Amino acid sequence: MNFNLLIAFLQHKLEDDLFMLGLYQCILSFLVACFVAVVSIPVVIKISELKSLMEKPGDRRAHKVPTPTFGGIAIFAAVLIAYFLRPSIDQTDVYRTNLSIVGMTILFFIGIKDDLVGIDPNKKILFQVLPALILIFFGDLKVDYLYGILGFHHVEDLISVLLTCFIFIAVTNAMNLIDGIDGLAGGIATIASATFGAWFLLTNHFAMACLAFTLAGALIGFLRFNFSKTSKIFMGNTGSLIIGFMLSFFAVRFVALNASYRFDPTSFFNAPIIAIVILIVPIFDTLRVFLVRILAGRSPFSADRNHMHHILLDNGLSHIAATAVLCGTSLLNTILFFALHRNISNTESLMILGVLFMLYMLSSFLLKMRVIYISTHPRRRMAVMRREFQTVIGGRRIIDYL
């Protein structure tokens, strides 16, 4: 990336009155959403305590005391209020953003029911398809161009619809799966929504930018309590469902807009890969655990403690430290790909992504080995580690270490 051109581009933007108006709108929406979340969460906590709507500690739970799980209510309220209070200066995507609010509302009620009484996983996936179909058929939102990645360019309508539905389901469930420790899902989602929002803002798609920064503001307000020791709250399935849905919406629109303006200097010619990188932690972690479960002969949806955040906790990291490591990984990869995207081809981008996934798998292996090392008596460590490595080299139980 030519940083002189980038600086010149930003200077030009700062002199653009329409851009500055959009920027002020995004800042206002961010602050309103953050304020609503901060004000409403104590009320949600109080009601949860009065009604005994608390998540109790368990084998796969990282918390030690009963904790309210309805932070998603405050996130939803913050996004809704800030979105409808904003002054609109851009009609380009308003219809689609309105449809996304409809979809988010559907998933909000599904999430509430899931947090209260539980929902069958298969039914929950079907419910996730409905909001996606609303955006696809009523908002003409779909991935129908793949930028020549692996030789694919334009995609047939049916394949495009199926691919878009898959993206919504995959990202939504990936966000749900990483919601296992304080701040992780919220932190990753904040980085992702702010990144998408910044690109939408710089390309004058102000309605999309405003919605993305609204979500980021709501999440910042939520994280204030998610990290608290005295007023802690979790986002619950309600929060992870609506956050995953909104991030899917941003990702698909990001890919679609780059296809429409692929000759514009602000566009990415490898937008699908950039979208994956922005969501690299939930996507890689979900892909890894699903792969391990399938190779072990189990259902990919079976529960376990094999997520990267669990492995980091087992290595002695605190919730904040583990979240910082994974959020830092997400931010670093995003910055690197944004900086280098014009200097590498689609094929090279895909190869780098593959190498990063291999490194992710290797990291989980080494961290699991370290857990064995630190949990073994010092006098027996060398013998135990030698035996473990021989087991891996011999191909026995190798899946247990991935």
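Glycine is treated like the rest: Cβ placed from N, Cα and C.
Pulled from TrEMBL:
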TRANSMEM  20-45  transmembrane segment
TRANSMEM  65-85  transmembrane segment
TRANSMEM  97-113  transmembrane segment
TRANSMEM  125-146  transmembrane segment
TRANSMEM  158-176  transmembrane segment
BINDING   Asn176  Mg(2+) binding site
TRANSMEM  183-200  transmembrane segment
TRANSMEM  206-227  transmembrane segment
TRANSMEM  239-261  transmembrane segment
TRANSMEM  273-296  transmembrane segment
TRANSMEM  317-340  transmembrane segment
TRANSMEM  352-373  transmembrane segment
Here the 10 Å Cβ neighbour count for Asn176 (Mg(2+) binding site) comes out at 24
Sequence-distant residues near the transmembrane segment (206-227) by C-beta distance (under 8 Å, 6 or more away from its ends) are 22, 25-27, 29-38, 41-42, 45, 71, 74-75, 78-79, 82-83, 86, 88-94, 96-97, 100, 182-183, 186-187, 189-190, 193-194, 196-198, 200, 233-235, 239, 243, 246, 250, 253, 320
Please work out whether the transmembrane segment (158-176) lies in contact with the transmembrane segment (239-261), by counting C-beta pairs under 8 angstroms that are 6 or more apart in sequence and asking whether there are at least 3. yes
Quiz item: Does the transmembrane segment (97-113) reach the transmembrane segment (125-146) with at least 3 CB pairs under 8 A, where each pair is 6 or more residues apart?
Solution: yes
Do at least three C-beta pairs under 8 angstroms join the transmembrane segment (239-261) to the transmembrane segment (125-146), pairs 6 or more apart in sequence? yes
Task: May I ask whether the transmembrane segment (125-146) has at least three C-beta pairs under 8 Å with the transmembrane segment (273-296), counting pairs 6 or more apart in sequence?
output: no
Same-chain residues at least 6 beyond the ends of the transmembrane segment (125-146) with CB under 8 Å of its CB atoms are 95-96, 99-100, 102-104, 106-107, 110, 119, 152-155, 157, 160-161, 163-165, 167-169, 172-173, 241, 245, 248-249, 252-253, 255-256, 259, 272
